[in-house]
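What TrEMBL says about this one:
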type: TRANSMEM; residues: B:12-34; note: transmembrane segment
type: TRANSMEM; residues: B:46-65; note: transmembrane segment
type: TRANSMEM; residues: B:71-93; note: transmembrane segment
type: TRANSMEM; residues: B:100-121; note: transmembrane segment
type: TRANSMEM; residues: B:141-166; note: transmembrane segment
type: TRANSMEM; residues: B:197-219; note: transmembrane segment
type: TRANSMEM; residues: B:225-241; note: transmembrane segment
type: TRANSMEM; residues: B:248-268; note: transmembrane segment
type: TRANSMEM; residues: B:274-293; note: transmembrane segment
Amino acid sequence: MHASIERLLVPIGAVVIALMVFAVFVSMAGYPPLEVFQLIYKGGFGSGFSWNNTLQRAAPLILTGLAVALPARAGLVIIGGEGALVLGGLAAAIFGNYVLQTPTLLSQILMLLAGAMVGAGWIALCGWMRHARGINETISSLLMAYIGIALLNHFVEGPLKDPASLNKPSTMPIPTASMLGLTPGFDVHIGLLIGVVVAVVAWLVLRFTTLGFALKVVGGNPRAAQLAGLRVGVWLIAACAAGGACAGLAGAIEVAAVHGSANASLISGYGYAGILIAFMARQNPLAVVPVAMLIGGIGAAGGMLQRRLDMPDATVMVLQGMAFIAILASETLMGSPWRKIAARLWGIEIPPEKGKS
Amino acid sequence: MNEAAQSLGWWGVPLAVLAGAIRVSTPFMLVSLGECITEKSGRINLGLEGILVLGAMAAYGTSLATGSPWIGLWAAAFAGACLGLLHAILCSLKRVNDIAIGIALMLFGTGLAFFLGKPYIQPKAPTLPSIPLGFWSDSPQIRAALEINPLFPAGILLAIFLHWAFKNTGWGMRLRIVGDSADAARALGYRILPVRFVATMLGGVLAGLGGAFLSLYYPGSWNESLSSGQGMIAIALVIFARWQPMRCVWAALLFGGAGALGPALQGAGVTSGYHLFNAAPYVLTLLILIVSCSPKRALQGAPGELSLTRS
């Protein structure tokens with residue numbers, strides 16, 4: 001119980017400190033910090049309209065957060081979700097044009113599946129390179145992201161270009177009938193519901209099944225996992241594939257619910273934002289959902305900061321970077337110091353935390 | 001290069017690739033030498049990409065304000081040292097992972113650079129002069145190809161110096177021992193943290209200078225799409241170069257050449273597949289990593305304390 005309170009309080013404290021540092025930074029740059037915070041609140045969470053905007057952004061962010069959090073359970077730091085996202089979107093756009101004959105629901109499902117499969121294969125390659133060739137997956141996944149973005153640009157501006165798309169090269173638009181609908185009860189596309197469902201399922205699987213346990217063993221101690229008869233390589237690749245599938249699904253949803261075709265709008269940084277979200281959620285799939293809403297809200301507020309205060313659009317990035325650093329640094333406060341303080345103050349002995357030191 | 005490539009026809013392509021190798025390789029070289037120093041001390045800084053972008057912005061802004069690109073270089077070095085120091089401090093806290101901090105620095109450095117650099121997108125700042133090594137030739141193509149930027153020879157000299165210093169100086173020795181085994185270093189009475197602080201700051205300085213090259217020489221302007229992952233590729237290059245400074249130079253030249261392939265072909269009239277040729281450096285990096293890494297043994301020459309290569 002104490003450990004879980006600590007897991008909640010320490011990151012929140014870190015975010016508060018990051019906000020204070022950000023306030024100092026903003027006022028040094030000549031902007032009124034209080035007004036900035038007010039606008040972030042208003043733009044992200046202040047009205048029904050801004051909530052819609054926030055949730056619209058949170059939908060892909062939940063999935064890209066999972067794309068980092070799931071491989072992290074197997075001890076892998078994958079930061080190339082952006083590549084899987086854009087290729088997933090491209091796959092969905094291609095599929096959406098070739099399955100015209102099928103009923104709408106089936107073609108929608110096929111589009112999303114195509115996106116998820118392509119994303120899964122793309123990131124699974126990083127898992128394979130890690131296992132078979134010992135290549136650091138952080139570096140390989142980022143290189144793969146650059147390659148994926150280049151592939152998207154190539155196809156969108158070359159072989160798959162819709163001749164009618166002049167200003168913004170795009171693939172052929174998918175039929176309007178195949179576009180995804182809204183999440184019941186919200187004015188936000190169904191991607192939000194899909195994201196939440198995937199997060200809950202991932203959490204349940206990791207928490208309550210032997211699958212989740214095996215993944216934890218593989219991530220915590222690969223040697224022990226091997227001794228226990230687990231095929232570590234298969235697990236690593238599967239964890240990567242699961243993460244990649246989430247990112248690819250995010251891209252497919254962006255195409256099938258928002259853009260209507262694959263184009264450069266897919267390269268919007270959702271994949272990279274997923275890294276921050278997963279780390280803030282401490283790689284917990286369930287915690288990814290509220291964190292994605294928080295980050296989505298801050299992102300949604302970026303436009304308002306730009307319009308009202310004429311601030312650079314990178315303002316949000318600075319805040320996110322500060323929060324990211326503070327959260328990582330706060331890791332050092334987990335565990336022993338609190339135990340000692342608690343023991344001193346109340347005479348309680350909390351058993352030491354299990355797992356990695 | 002486009003004019004040169006056009007008038008020489010297809011012969012322009014290898015010449016442009018050679019010229020590009022020299023021109024484009026400089027940031028790879030500087031950043032990978034910096035990361036080489038950092039990794040030799042047993043830490044990895046994945047945030048070099050962010051440091052590079054911040055360095056580029058700082059150099060451009062300072063050059064614009066003072067009128068001197070050389071002062072711009074100092075500003076880039078200073079910005080790099082600051083972020084390097086931040087990385088070093090955070091990573092010396094208990095339970096803080098150097099890879100994760102690097103990713104956070106990437107985001108923070110880039111965000112900071114975009115925020116502070118917004119006013120510098122339009123104006124034109126004075127850029128670094130080049131050294132005309134092609135003075136002996138009448139051909140304007142060859143002259144253009146041999147316009148060498150001052151940071152290129154500086155990088156090569158630095159590589160030679162590091163190659164010598166790692167082996168032959170007390171400082172190099174201490175750096176290697178700290179990076180190979182913290183326990184051994186402690187037993188010898190060396191203090192580990194100061195060595196890692198200095199090594200990470202030097203890595204930051206060189207990454208900042210690599211960024212300054214981008215904004216002050218080639219392409220020689222500041223905008224938000226200035227870096228295309230040079231910082232990240234440079235980190236992969238260090239693995240490929242097996243933590244040896246001289247090999248970093250060769251690797252950087254190879255990648256400069258690969259990076260110049262796309263624009264060179266475009267100059268020769270090949271326009272389809274432009275994006276694919278631009279992805280050549282990333283594909284090449286991955287292929288080289290696939291060929292040169294092995295899961296069976298630790299990489300030869302890898303510092304023992306490096307979290308990157310530990311399984």
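A Cβ is built for glycine as well, from the same backbone N, Cα and C atoms used for every other residue.
Fair warning: this is a prediction, and the values are worked out from it, not measured in the lab.
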Answer yes if the transmembrane segment (B:71-93) and the transmembrane segment (B:197-219) have at least three CB pairs under 8 Å among residue pairs 6 or more apart in sequence, and no otherwise.
yes
If you count Cβ pairs under 8 Å, which stretch among B:46-65, B:197-219, B:274-293 touches the transmembrane segment (B:225-241) the most?
B:46-65
Tertiary contacts of the transmembrane segment (B:141-166) (same chain, 6+ residues out, Cβ under 8 Å):
1, 4, 7-8, 12, 15-16, 18-19, 22-23, 25-26, 29-30, 33, 36-37, 40, 128-135, 172, 175-176, 206, 209, 212-213, 217-218, 244-246, 248-249, 252
In the same chain, which residue numbers or ranges, 6 or more beyond the ends of the transmembrane segment (B:100-121), come under 8 angstroms Cβ to Cβ?
44-54, 56-58, 60-61, 64, 83, 86-87, 90-91, 222-224, 231
